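A.B. asks: According to TrEMBL, the record shows the following:
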{"type": "ACT_SITE", "residues": "68", "note": "active site, proton acceptor"}
{"type": "BINDING", "residues": "15, 27, 75, 93, 94", "note": "ATP binding site"}
{"type": "BINDING", "residues": "27, 75", "note": "divalent metal cation binding site"}
{"type": "BINDING", "residues": "68", "note": "substrate binding site"}
{"type": "TRANSMEM", "residues": "32-49", "note": "transmembrane segment"}
{"type": "TRANSMEM", "residues": "56-78", "note": "transmembrane segment"}
{"type": "TRANSMEM", "residues": "98-119", "note": "transmembrane segment"}
């Protein structure tokens, strides 16, 4: 029975990775967030940020990418079941896009707060 549960987990992870790869192929905004996250990780390595700052950075990257994936899923479901001209469909898509925007803006502000001391130290 445990082997069956283990196999189910493997299949679940496979579906999750297929979803991420599919979204990356289809969604330019997700590509942007992945590239931005990668660049933030590179700068984090260059500046040798603290363990706490790493936790903040990884949380923010994961948060924004998770919301972008959720936004992509909401758009796919709305497009599959509703006419794009429907006001409720537009509202759902706009709200989910707004959630990504809020998270990305907050992450940029928090990221600036995290990196500013490292940038100042590097300059001086």
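Glycine residues also receive a Cβ, built from the backbone N, Cα and C atoms like all the rest.
Small disclaimer: the values here were computed from a predicted structure and weren't measured.
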A.B. asks: Write down the Cα-Cα distance for the residue listed as 'active site, proton acceptor' and residue 93 (ATP binding site), rounded and given in Å.
C.D. replies: 12
A.B. asks: According to DSSP, does residue 93 (ATP binding site) fall in a helix, a strand, or coil?
C.D. replies: helix
A.B. asks: Which residues of the same chain, at least 6 past either end of the transmembrane segment (56-78), have a Cβ under 8 Å from a Cβ in it?
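C.D. replies: The answer is 19-20, 23, 26-27, 29-30, 33-34, 37, 40-41, 44, 49, 84, 89, 92-93, 96-97, 99-100, 103-104, 107, 110-111, 114.
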A.B. asks: Which whole-number value in Å describes the distance between the Cα atoms of residue 15 (ATP binding site) and the residue listed as 'active site, proton acceptor'?
C.D. replies: 17
A.B. asks: Can you check what DSSP calls residue 15 (ATP binding site), collapsed to helix, strand or coil?
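C.D. replies: SS state of residue 15 (ATP binding site) = helix.
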A.B. asks: Are there any residues at least 6 positions away along the chain from the residue listed as 'active site, proton acceptor' with a Cβ closer than 8 Å to its Cβ? List them or say none.
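C.D. replies: Once residues fewer than 6 apart are set aside, the residue listed as 'active site, proton acceptor' is near 23, 27, 29, 30, 33, 100.
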